[in-house]
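Per TrEMBL, the features are as follows:
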- 79-100: transmembrane segment (TRANSMEM)
- 112-132: transmembrane segment (TRANSMEM)
- 168-188: transmembrane segment (TRANSMEM)
- 208-234: transmembrane segment (TRANSMEM)
- 290-311: transmembrane segment (TRANSMEM)
- 323-341: transmembrane segment (TRANSMEM)
- 390-416: transmembrane segment (TRANSMEM)
Amino acid sequence: EVHLNGTSIVVERAERDLDSDDDEANENLPYKAFASEHSEAEEDYKIDKLFYRICYFSMVLGVNFYQDRSPAMRRISMAIVLFNCCINLYFIGYVSYLCLNKPFEADRVATSIALCTWVLQATLSTLFLAFWQSTGQPSKVLKLLYDANKGLGIHYNRKQLNSIVHTFYVVLGLIICYYAGHIIINVFGKTVGYMDKDIPMIFGDRCLYIIVQLANLYCILCWGVALFIFSLLVHSAHYEFDYFNERVRSMKFNSDQTDEALCKHMLKLLKIHNRLTECVKRLDQMFHRYAFVMIATLIPTTIFSLFIVARRPEKAICLVRKFRLPLVCLCMFSFITIVSAPSKLHDTIYNTKSALCANVHIWFPYRPNVYHSALAFVCHLDQTNLGVSIWGFAVVSKPLVLTTISVMVTCLALFLQVGD
């Protein structure tokens, strides 16, 4: 029994409602042996434990909207989130006002736009994180992941999931150091990069600018939590499908098995795949707006950050000390994180059909009943729109990623050409 956000979720270790034959039981022997030999630590490999290492950080930040929390605690969380989000929105409005009411300077305008979109992205990510907690969507996705195929794909890829959590700690540590450097620079009355010198005077006194910096840091830390929740859940679904594909690819039948037993085994695989597709649909329902907002804000942030670095290549080394290069690295990292996991998931879902068609043990020798069952399975797999979409406009896939990068490079080249 796993306690998930105060909700008791039972992860079934016994056989599913589907009857399992001897071959399937033999396939699951390593999993059963692991569970029996490590009964005291059987939860260690589960995604929910890794998941809560990340979610616990959001509770430390005060983003605590789980339904089992007391109304007083949820009101405190609401006050903290709204206070920081309102400061960030005011900051975006103030920077936009300065940008529109001053003479045009390419570097200053590009820096202002990059700042606005970056803070807007962090603020919206904070609101998404609070919304996911209040609706309990991560818990539902986790339950579907384990109900689909006993979480075997998650178990066999625990090392990769652990690396995601370790990367989360590293990224948040670098973000804290980055903003700590900004705060120290502001204390000494300095500005960084090509930032407008009037921005620190947002509240009339430069010393009060630290309030904005702390609010920005708060939402960017929440941005990190939301980003890695997205990455962890989508990667977990990818590993579940990858394990299922390997199972289909290596499926063999004994000569003494009847056609009825083979058809029955095929039906069980179809039902497992159906549960996995339901999990992907729930993932899309949870993340399609978030993916849209992230990509829509990442594109201008990345373009204008690269614009400042590439426009004056002779000063690129100096820009390491001038704020831009760290932001470029964060933009590139977040863009890769947002698009890599969904595109891999989409490819893995599509590869299931290839794995089934490439398994000669299913198609030869010709057996009418088995052949028709396999054809029905192939028709079921013909679902090209499965995956994490961008608000329903398009599924995140490798062709879409290539198109997005091409557009970004074209826009960057145009801005560099007519920057002045």
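Start at 1 and count along the chain as shown; that gives each residue its number.
Glycine too: its Cβ is placed from the backbone N, Cα and C atoms.
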Highest-contact recorded stretch vs the transmembrane segment (79-100), from 112-132, 168-188, 323-341, CB pairs under 8 Å: 112-132
Most Cβ pairs under 8 Å with the transmembrane segment (323-341), selected from 168-188, 208-234, 390-416: 208-234
Stretch among 112-132, 208-234, 290-311, 390-416 sharing the most Cβ pairs under 8 Å with the transmembrane segment (168-188): 208-234
Chain residues in Cβ proximity to the transmembrane segment (290-311) (below 8 Å; excluding those fewer than six residues from its ends, i.e. six or more beyond): 106-107, 110-111, 113-114, 117-118, 120-121, 124-125, 128, 193-194, 226-227, 230, 319, 324-325, 327-328, 331-332, 334-335, 338-339, 342, 388-391, 393, 396, 404, 407-408, 411-412, 415-416, 419
Contact set, same chain, for the transmembrane segment (208-234): CB under 8 Å, 6 or more residues outside the stretch: 47, 50-51, 54-55, 57-58, 61, 63, 83-85, 87-88, 91, 119, 121-123, 125-126, 128-129, 132, 138, 141-142, 145, 161, 164-165, 167-168, 171-172, 175-176, 179, 182-183, 186-187, 199-202, 283, 286-287, 290-291, 294, 334, 337-338, 341-342, 345, 388
